[in-house]
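Listed in TrEMBL:
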REGION    1-35  region 'Disordered'
COMPBIAS  12-21  compositional bias 'Basic and acidic residues'
TRANSMEM  42-61  transmembrane segment
BINDING   52, 53, 57, 325, 422  Na(+) binding site
TRANSMEM  73-95  transmembrane segment
TRANSMEM  116-144  transmembrane segment
DISULFID  155-164  disulfide bond
TRANSMEM  242-260  transmembrane segment
TRANSMEM  269-289  transmembrane segment
TRANSMEM  318-339  transmembrane segment
TRANSMEM  351-376  transmembrane segment
TRANSMEM  410-431  transmembrane segment
TRANSMEM  452-469  transmembrane segment
TRANSMEM  489-508  transmembrane segment
TRANSMEM  529-548  transmembrane segment
TRANSMEM  568-590  transmembrane segment
REGION    645-671  region 'Disordered'
COMPBIAS  651-662  compositional bias 'Basic and acidic residues'
């Protein structure tokens, strides 16, 4: 059943009738004077690129592309971008921009699913907690590089062990080829050392375990023995490393200072965080191409292996990489878009950011494999013996490459400054999500005067104190656990729920009409089928293979205890569980309200899936535009004051008895 939309003036309009007819613009050019807007469209695009392009583009994608068919991997990668990446990005950018609200307040569109917003808030909190620790590691390396030479070049330092040695696999292979025994960087043979010494070395080799014989390069020991001073496991977390604690403090200080004026300051910083990494990558690529063996490394990276496309894992890796690279479900895209002007073209921005992120990943692979090819050439080994991914690439392999280059400190400083910049771009949006959510939830209390700055300071301070656990000697184990669970399985649950709630409960037809009001034209009917069917199926596909590939958490040879994985699952499930918890609380709250005693449970659930009176554009001039462009609209209920802590204060539910007889349909009613 549908009803004619009638325009009802708000309390503010009754007090000031002119407010409904005009929209004033502040001196800064802000359309929304209460929340503010981006200084320019470019600031927004740069902020989104900085958020999407992160550390994973450098240390994960090149390896994933290499092991999944090289250039052939671009085919499934592009298909997953079209079927899942851009549709999710377009959906979240449009959702946040239409209502100009944070991840919780924006769910006035369908209050029953407000738990999705709480889940996004918690995901951002967990990720921000450990992500800044990774940035702190890069800050440590940056300061360590300001020397006449990089400190991880040689053994003989106080943090090195007897196992430390410059790896020379070529010499070891040559020694073995001549029936010799390679031990302590020396080739022992009968011809060169005689029977007695040779037999002695043989006996020592037999008595010495393989682990003791294994050589560890200086960059490995610098990271684990000096930067981390790592312990043996969770049973021995050790004390706080004051150097890492200071680096973490600096990281949170940078975040706080860059966000101190909200998007007005972060938007300006975004120019640097968006463009500087490309400058460094280009310089590193040019330098890499001048090194011997770099071309061989790039060939390993891009040579297509078409036969691998028949493997399901290749397609699952493509889908997983797209999903976690563009970062839907964190709340960052919704938050950043909420500061856009109402008529910004969100469709264009989704394509720019989505394609830009993927091209950055592919371009970064040329840089990484160029230097890895050089390292393989220098060691006289195959590229497959050098290639790596994750933190090991950033803190062990690349430092090992840097020390082999002339002017090693310069290249180290450039690389780690780039890594810090990439990390900060993502961290800014993540912390901004937390900050904006709180300001939108309590605008009367937190948006006045200097309270937004105080709120941001409290967030950074609390997060720093919680993050100190990861500055301990065993902190890397906690970081690894958080990375494995905080933003993986939970994100998939949240985004699937978000996609289904917007396309089925709120209605994809209505959502597309909202978008057309913003961008001035209908985006196209195919988005409806993507959001309703194809994208959710791709997300289920990702979820299946993520679970299928599940293995207990570990770091190197250390397998985490069972209780650690249980703790990880608790962290992972905390955020998606907010969806049923918040929905249940809202239903119970509504049923206890005297005005809804005559309604059945199904009627209440149906009512809670409908938009509230508060839902819609933030400014009245845009609400009038929406009213004029829509001749029919679903009845709305005023749930604006109903959340997990408050009851319904105002009932605008119309024709309850007749509406309750209707089934809840897809998108339910005509927009």
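Cβ atoms here come from the backbone N, Cα and C positions, even for glycine.
Automated prediction, rather than curation, is the source of TrEMBL annotations.
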Looking only at C-alpha atoms, tell me how far residue 422 (Na(+) binding site) is from residue 155 (disulfide bond), rounded to the nearest Å. 31
Could you state the CA-to-CA distance between residue 52 (Na(+) binding site) and residue 155 (disulfide bond) to the nearest Å? 39
Do the transmembrane segment (529-548) and the transmembrane segment (568-590) come together with 3 or more C-beta pairs under 8 Å, pairs six or more apart in sequence? no
Going through 42-61, 242-260, 318-339, 351-376, 410-431 one by one, which has the most CB pairs that fall under 8 Å from the transmembrane segment (452-469)? 242-260
With Cβ-Cβ distances below 8 Å as the criterion, list the same-chain residues six or more beyond the ends of the transmembrane segment (410-431) that contact it, or say none. 47-55, 57-58, 124, 127-128, 131-132, 134-135, 138-139, 141-142, 145-146, 150, 251, 254-255, 258-259, 266, 269-270, 272-274, 276-277, 280-281, 283-284, 287, 327, 330, 332, 335-336, 394, 398-399, 402, 456, 459-460, 463
Among the recorded positions 52, 53, 164, 422, which residue has the fewest other Cβ atoms within 10 Å of its own Cβ? 164
Excluding its own, the Cβ atoms lying within 10 Å of the Cβ of residue 155 (disulfide bond) add up to 18
Could you measure between residue 325 (Na(+) binding site) and residue 164 (disulfide bond) for me? Cα positions, answer in whole angstrom. 36
Restricting to the same chain and to residues at least six past its boundaries, which positions have a Cβ under 8 Å from a Cβ of the transmembrane segment (489-508)? 88, 91-92, 95, 109-110, 112-113, 116, 119-120, 123, 323-324, 328-330, 527-528, 531-532, 535-536, 539-540, 542-543, 546-547, 572-576, 579, 609, 611, 664, 666-669, 671
Surrounding the recorded Na(+) site, with Cβ no more than 8 Å from the Cβ centroid of 52, 53, 57, 325, 422 and those residues left out, we find 49, 54, 55, 56, 357, 360, 361, 426
For the transmembrane segment (73-95), the candidate among 116-144, 318-339, 568-590 having the most Cβ pairs under 8 Å is 318-339
Long-range neighbours of the transmembrane segment (351-376), counting only residues six or more past its ends (CB under 8 A): 45, 48-49, 52-53, 57-59, 61-62, 65-66, 74, 77-78, 81, 85-86, 89, 277-278, 281, 284-285, 288-289, 291-298, 300-302, 321-322, 325-326, 382-383, 385-387, 393, 397-398, 400-401, 404
